[in-house]
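A.B. asks: Marked as compositional bias 'Basic and acidic residues' by TrEMBL: 1-25. Among the features that TrEMBL reports, region 'Disordered' is placed at 1-29. Taken from TrEMBL, the feature transmembrane segment covers 51-68, 88-104, 111-130, 136-156, 177-196, 208-227, 265-282, 302-319, 331-350, 380-401, 441-461.
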Amino acid sequence: MATTHTAEDRNASLDEKSSGKEEHAPAAAAPEVYERPTGLYGIYSHPRTQIALLGFICFLCPGLFNALNGLGAGGQVDSKTGANANSALYSTFAVSAFFAGSINNKIGSRLTLLIGTAGYSLYIGSYLAMNIHPNAGGFVIAAGAILGISAGLLWTAQGSLMLSYPTENQKGQFISIFWTIFNLGGVVGSAVSLGLNWKSNSNSVGNGTYIAFLVITGIGVGIPLIMTDPRQMIRTDGTKVSAPRHPSWKVEFYGLYLAVKTDPLVILLFPMFLASNWFYTWQFNIYNGYYFDIKARALNNLVYWIAQIVGSILIGFLLDQKSIPRRVRAYTSWGILFFAVWAVHIWAYFYQKDIVRPPIDGPDTFVKFTVDSHGYAGRILLYVCFGLVDAMWQITAYWLLGAMSNDPAKLAHFSGLYKSLQSAGAAGIWRADGVKVPFKNIFLSTWILLVVGLALVLPMIHLRVREHTELEDETLARMDDSGKVVAVDEIKDTPGPVTTEKA
């Protein structure tokens with residue numbers, strides 16, 4: 001049961017503030033502090049436990065999807081169907097995610113997660129159908145489009161919970177916990193694929209791989225049903241997560257507009273969002289899918305997702321260093337990404353220049369690399385570096401969003417915009433691969449977009465990243481059910497708790 005401070009506690013707190021011991025005292029009344037549950041329920045309802053469950057949902061569903069996609073061509077020989085399915089997937093994903101923040105705030109995060117997991121089993125099952133019936137390419141593309149709708153809901157709810165459950169100085173840690181567990185799905189899926197295909201000479205995965213993936217994704221659908229209600233969540237510092245009020249659809253869509261209007265510097269992150277899945281097409285379908293045989297592809301895929309885990313832990317550790325000012329942490333992460341993007345793409349250029357897309361009607365004379373080929377070690381090491389950079393890019397993007405707000409409603413809208421733009425970019429570049437755009441064009445577009453995205457992040461960090469999120473930043477938390485935004489001064493003059501936290 002929630003309890004507030006006693007009078008003595010409040011007086012002690014006031015004495016501490018007046019003596020200057022609390023350097024960043026809020027102008028408004030101190031947030032109400034609740035007593036956290038104890039015992040087994042306290043462990044189960046702990047924010048880290050809930051983020052771990054969220055990670056397992058994505059371990060079992062998107063993680064297995066990533067493992068399949070990471071093989072190149074969805075594990076098939078011909079990449080065209082996989083590219084077109086991904087184009088359809090990310091097209092509907094972009095539309096779904098744009099509105100998913102409003103849907104999440106209206107129906108609640110657990111139901112949004114439940115609906116969001118539904119498309120993954122269908123998508124993996126469609127590849128099994130194609131293995132059995134080679135002319136089932138249309139079913140794969142349709143399954144991709146359906147998955148896009150559900151994935152938009154899943155990832156928006158995930159972003160809202162992942163960024164609102166931690167305190168401000170725990171966000172890097174919580175994002176890393178999620179990202180590590182999520183990418184274990186890619187690791188396990190890749191290991192299964194590697195074991196099942198190590199002795200294969202067919203250059204595509206067998207039915208057993210798809211069946212194993214299908215069973216595992218089915219388990220993930222039920223996890224949202226056993227998660228703690230976000231309205232009951234209490235952070236580790238005793239502050240309560242402010243749950244969205246579920247007003248009318250009109251107010252929710254107005255909230256999406258208001259979130260961007262009142263915090264327009266988020267627009268500077270849009271190219272970073274756009275780039276965040278763009279590079280998968282060249283990495284998965286071209287470099288891994290075309291350059292290597294099925295055994296090397298499976299091994300590359302395994303080390304890629306292991307590298308994701310390592311990268312997420314390293315960058316999360318940096319971003320949560322309390323001894324370093326928040327803006328300095330942001331600049332340091334930016335610098336690491338800038339160096340890494342240039343280094344891996346200069347390195348990759350020397351491999352890219354040796355390959356061209358084979359003619360549509362002519363024979364493909366390119367000899368694929370195997371695990372025994374001379375020079376394979378350097379090529380798999382490059383793939384490891386791609387995994388490291390991917391994790392650091394995604395976590396930095398999420399962390400920057402988390403630095404802008406602690407309000408789940410606003411974070412749901414921002415997460416939806418992130419996934420919408422990410423998916424719009426992915427839809428375009430997967431379609432470019434589907435219509436056989438030259439390999440080098442896709443590679444250069446990837447490199448350029450990453451550099452542009454980083455260039456625009458720099459002024460955003462300078463202008464927007466502050467040591468703490470203030471009440472003035474939380475417009476949606478101050479919006480009532482009719483859509484009216486309550487002025488900060490009115491809240492400060494009103495006794496009682498405020499909805500935003502201080503670290």
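Placed from the backbone N, Cα and C atoms, the Cβ positions cover glycine too.
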A.B. asks: Do any residues, 6 or more residues outside the transmembrane segment (302-319), come within under 8 Å Cβ-to-Cβ of it, and if so which ones?
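C.D. replies: Non-local partners: 66-67, 70, 171-173, 175-177, 179-180, 183-187, 189-191, 194, 288, 329-330, 332-333, 336, 380, 383-392, 395-396, 399.
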A.B. asks: Rank 88-104, 136-156, 177-196, 265-282, 331-350 by Cβ pairs under 8 Å to the transmembrane segment (51-68) and hand me the top one.
C.D. replies: 177-196
A.B. asks: Considering pairs 6 or more residues apart, do the transmembrane segment (380-401) and the transmembrane segment (136-156) have at least three CB pairs under 8 Å?
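C.D. replies: Stretch pair does not touch.
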A.B. asks: Going along the chain, which residues at least six beyond the ends of the transmembrane segment (177-196) come within the CB cut-off of under 8 Å?
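C.D. replies: Counting only partners 6 or more residues beyond its ends, the transmembrane segment (177-196) has Cβ contacts under 8 Å with 48, 51-52, 54-56, 58-64, 66-68, 70-71, 75, 158, 162, 205-206, 208-209, 212-213, 216, 295, 298-299, 301-302, 304-306, 308-309, 312-313, 316, 391, 394-395.
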A.B. asks: Going along the chain, which residues at least six beyond the ends of the transmembrane segment (331-350) come within the CB cut-off of under 8 Å?
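C.D. replies: Tertiary neighbours of the transmembrane segment (331-350) are 287, 315, 318-319, 324, 382, 385-386, 388-389, 392-393, 396, 399, 443, 446-447, 450-451, 454, 457-458, 461.
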A.B. asks: By Cβ distance under 8 Å, which residues at least 6 away from the ends of the transmembrane segment (441-461) in the same chain are close to it?
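C.D. replies: Residues packing against the transmembrane segment (441-461) from afar: 265-266, 268-275, 278-279, 281-282, 286, 327, 330-331, 334, 337-338, 341-342, 345, 348-349, 352, 393, 400, 425, 429, 432-433.
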A.B. asks: At a C-beta cut-off of under 8 Å, are there same-chain residues at least 6 beyond the transmembrane segment (265-282) that contact it? List them, or none.
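C.D. replies: Cβ under 8 Å, 6 or more out: 69, 83, 86, 90, 259, 386, 390, 393-394, 397, 400-401, 404, 414, 417-418, 421-426, 429-430, 432-433, 439, 442-443, 445-446, 449-450, 452-454, 456-457, 459-460, 463-464.
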